[in-house]
Amino acid sequence: MGSIVSRSEACQALFAAAKANDTDEVARQLAAGALANWRASGKARLTPLHWAARHGNAELVRLLLAHGAVLEAKSASELTALGCAASSGNVEVVRLLLDSGADLEARDEDEFSPFLFAAASGHPEVLRLLLERGADAKARSVGGLTALHLACRYGGVEAVRVLLDSGADFEARDDQNWTPLHEAGEYGKVESIRALLGAGADPLASDNFRRTAVDACTDDVCRDLMANPESAQRWLRRQQLVIWQASN
């Protein structure tokens, strides 16, 4: 009975250490017989590998994998370690998990893939890496949201630019017929609006309730910008000229 209690205590200590991002303590508990895949009894059902990926701790990820951590273990919401890493934005950990064989297209309960997590969290370098590895750039979550919808709602303009440069459909419609420009307008993402308008997005595209992207705007700055898309396109051309001049 003593050895069973000892292992149980070691497992709990390992999980707590992984959650706290303490690599040395995880190593000590593994040496004491803790199981790399042990989960706490909470609702989330995360494994130590989920926590290591969430923290962006490549050393801890390697340690857990070397001790048998299950690469595709899923949380209660069907989230994998790769989804955690993509959401956290650590390129090294994302690359490590992919090189270890992680499923590039694993989906959680909301149909989020690692690519969609990276877009929603606004991580351009992770997006580039996932695209290089062959991620489905047309993936959609529950509700029909594309990566560009999510980047315009939650992420930053750099993620939006990466997606546009990779050929993302800026007129894609979700289940409510919203375009990415609707999202950027409602969430007040001025720079993303400029990028979308510069790419040719239509501010008068309407949703299921005949609301245009202009109607979705929640502030006057965004509304004025969409009311004059030509100015946004001129602004984008000036920015491109500045970048070109700086590189020549």
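Cβ atoms here come from the backbone N, Cα and C positions, even for glycine.
Copied over from TrEMBL, here are the features:
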- 160-200: domain 'Peptidase A2' (DOMAIN)
- 44-76: repeat 'ANK' (REPEAT)
- 77-109: repeat 'ANK' (REPEAT)
- 110-142: repeat 'ANK' (REPEAT)
- 143-175: repeat 'ANK' (REPEAT)
- 176-208: repeat 'ANK' (REPEAT)
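The residues of the domain 'Peptidase A2' (160-200), classed with DSSP into helix (H, G, I), strand (E, B) and coil, number 23 helix, 0 strand, 18 coil. With a threshold of 8 Å between CB atoms, the same-chain residues lying at least 6 positions outside the repeat 'ANK' (44-76) that come near it are 14-15, 18-19, 21, 23, 26-27, 30, 36-38, 82, 84-85, 87-90, 92-93, 96-97, 100-103, 106, 108. Sequence-distant contacts of the repeat 'ANK' (143-175) (same chain, at least 6 residues past either end, Cβ-Cβ under 8 Å): 115-116, 118-124, 127-128, 131, 137, 181, 183-184, 186-187, 189, 191-192, 194-196, 199-202, 205. Looking just at the repeat 'ANK' (110-142), the mean pLDDT is 98.
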